[in-house]
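Student: The structure follows.
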């Protein structure tokens, strides 16, 4: 809950300093930290292919931020810290949702337990950095027009619904399918965000920046492909073991192979 709240808080904070495109590209580095903590928690094994994935993503990130005209060091550090916490967040989420005895496979259940603790983890930062200025501003009280109040409440309400839907869908994907599906959806999301940022918000990206983004995406795509191949191999091995312990099943598999 603490890592999730700080991930969201630092991500939102960074938008004061960086563009959507720089935020999107830097946040893609979260998979580096997911791999790191997966190795630490024994969810992944050290392989040469994993090192290649890390090098591709890190190199792409460097190319994207190199001589960027809209680069901001403070915002970049905030997003990088959020990515680090995001790695902890999803690694721990995977561990929690894979433990059947905890009964947290349902997204509503895990959100019910996490959201109050997330509020407690993020509230001190809000109170220190935004509490006093916001309490005396027209954005919270002393409205001169009722339309301003309704507009602000409407935007907050819509943002809250979208945030709830995002969290629910992410947890649902992890619990019902796998992290592989979440990774594939994440790659598509990055492309859509960058396309919208350049066409709607006027973000400027050089050829080197786009090349760095492509290299980073290739690293992520390689990781997704390797995970798919590894998962397929594990299923085949499990099926062979079950067949060797069950003569009837082994006979059925042989007939199937001859039929193919």
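Just so it is clear, glycine is given a Cβ too, placed from its N, Cα and C backbone atoms.
Fair warning: this is a prediction, and the values are worked out from it, not measured in the lab.
Taken from TrEMBL, the feature domain 'Sugar phosphate transporter' applies to 10-222. Positions annotated as transmembrane segment by TrEMBL: 20-41, 48-66, 72-92, 112-129, 149-168, 180-201, 207-226.
In terms of burial and nearby residues, how do these features look in this structure?
Tutor: If one looks beyond the transmembrane segment (48-66) by at least 6 residues along the same chain, the residues whose Cβ comes under 8 Å of a Cβ in the stretch are 22, 25-26, 28-29, 31-32, 35, 39, 76, 208-209, 211-220, 222-223, 226.
Outside the transmembrane segment (72-92), and at least 6 residues removed from its termini, the chain residues within Cβ reach (under 8 Å) are 3-4, 6-8, 10-11, 13-18, 22-23, 26-27, 29-38, 41, 43, 65, 174, 179.
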